[in-house]
Amino acid sequence: MDRIVEIEKVSFENDFEVSLRPSKFEDYIGQEKIKQNLDVFIKAAKKRNECLDHVLFYGPPGLGKTTLAHIIANEMGVSIKMTAAPMIEKSGDLAAILTNLQEGDVLFIDEIHRLSPAIEEVLYPAMEDFRLDIIIGSGPAAQTIKIDLPKFTLIGATTRAGMISAPLRDRFGMDFRLQFYTSSELSRIVQIASAKLGKECDKNASLEIAKRSRATPRIALRLLKRIRDFAEVNDEQIISHERAKEGLNALGVNSLGFDEMDIRYLEILMQARRRPMGLSTIAAALSEDEGTVEDVIEPYLLANGFIERTAKGRIASAKCFETFNVKIDIEKGLFE
């Protein structure tokens, strides 16, 4: 099922998103603490004429990990090479990428938690000593050839930091968890994006879109593009608050940013009446894979207190029952 609030796991953006990407920290909205720290570390590295230490970004999808990687490369004055872990199937694939880097380049690996152990073994000496250890042959006759690499900065991005092996994580000089955005931050992002689309957006309209965007910029931009369609069909140059609400309601995104899938998820938990449910059970009931449930649906619900994770599974919170005006002990149904 396609969702207007869905976020693709592989975060290589389309042309529209690329056109909106800021190139400097001062133009990047949100993630203030991360920006401040990175700005210091980059200035220090440039002052010493060194590469920036390897960086790990983690957190829910759509929060700006790829954008920050591009800003780092731009601020360092170097090129960025991009790939994703699923594309690196053999050690030779990684070796080809590493040997084609130039001095100081940034290598961005998305979904880095999906690297195989064999690939990680090749990556360790590259990260620590900027060296490739190539094993030729097998058994007692095997030989190791060492190839020097140019110094580079690896930036890893993941939605599942817990799946990154400890040895790999330890080799990053810094790691940052990206936080959800405030409605005010998202409203500013929507205003900037709408101007680039050649469409003025009323302040209340941009705030309405922001409030229904699950605190995620990528979703806010996706909703904005669809609301623009509603305005254009009605020959309106300005996106009004009423038009924004009409469009969002038509898209099935409610005032909390929930769509049909979120409601189904919460219904399943509320029907359990505070009995914990396992991830596999929930995923089966939704006809979704466990990764999508855990990485895409749950983070926003958890962050806003609608669900709780216990040692035995997931439960709907008291806030969830109150929001939907559901009593835990009712027998006839959920939404009466």
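From the backbone N, Cα and C atoms, a Cβ is placed for every residue, glycine too.
Annotation source Swiss-Prot lists region 'Large ATPase domain (RuvB-L)' at 1-181. Across the region 'Large ATPase domain (RuvB-L)' (1-181), mean pLDDT in this model comes to 90.
As annotated by Swiss-Prot, ATP binding site applies to Leu20, Arg21, Gly62, Lys65, Thr66, Thr67, Glu128, Asp129, Phe130, Arg171, Tyr181, Arg218. Secondary structure at Leu20 (ATP binding site), taken from DSSP and collapsed to helix, strand or coil, is helix. Around the Cβ of Leu20 (ATP binding site), a 10 Å sphere holds 16 further Cβ atoms from the protein chains shown.
Thr66 (ATP binding site) falls within a helix when secondary structure is assigned with DSSP. For Thr66, the entry in Swiss-Prot reads Mg(2+) binding site, with the evidence type sequence analysis.
Annotated region 'Small ATPAse domain (RuvB-S)' per Swiss-Prot: 182-252, in sequence order, evidence recorded as sequence analysis.
As a summary of secondary structure, the region 'Head domain (RuvB-H)' (255-336) carries 40 helix, 9 strand, 33 coil according to DSSP. According to Swiss-Prot, the region 'Head domain (RuvB-H)' annotation covers 255-336.
The DNA binding site annotation in Swiss-Prot covers Arg309, Arg314 and rests on sequence analysis. Within the same chain, the residues at least 6 positions away from Arg314 (DNA binding site) whose Cβ sits under 8 Å from its Cβ are Leu269, Pro276, Met277, Gly278, Leu279, Ile282, Glu298, Ile307, Glu308, listed in sequence order.
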Secondary structure composition of the region 'Small ATPAse domain (RuvB-S)' (182-252) [DSSP: H/G/I, E/B, coil]: 50 helix, 4 strand, 17 coil
For Glu128 (ATP binding site), nearby residues of its own chain (Cβ under 8 Å, 6 or more apart in sequence): Arg171
Alpha-carbon distance [Gly62 (ATP binding site); Arg309 (DNA binding site)] in Å: 23
Nonlocal residues around Phe130 (ATP binding site), in sequence order (Cβ under 8 Å, 6 or more apart): Asp148, Leu149, Pro150, Lys151, Phe152
Intrachain C-beta neighbours of Tyr181 (ATP binding site), sequence separation six or more, cut-off 8 angstroms: Ile29, Gly30, Leu63, Ile189, Ala215, Thr216, Pro217
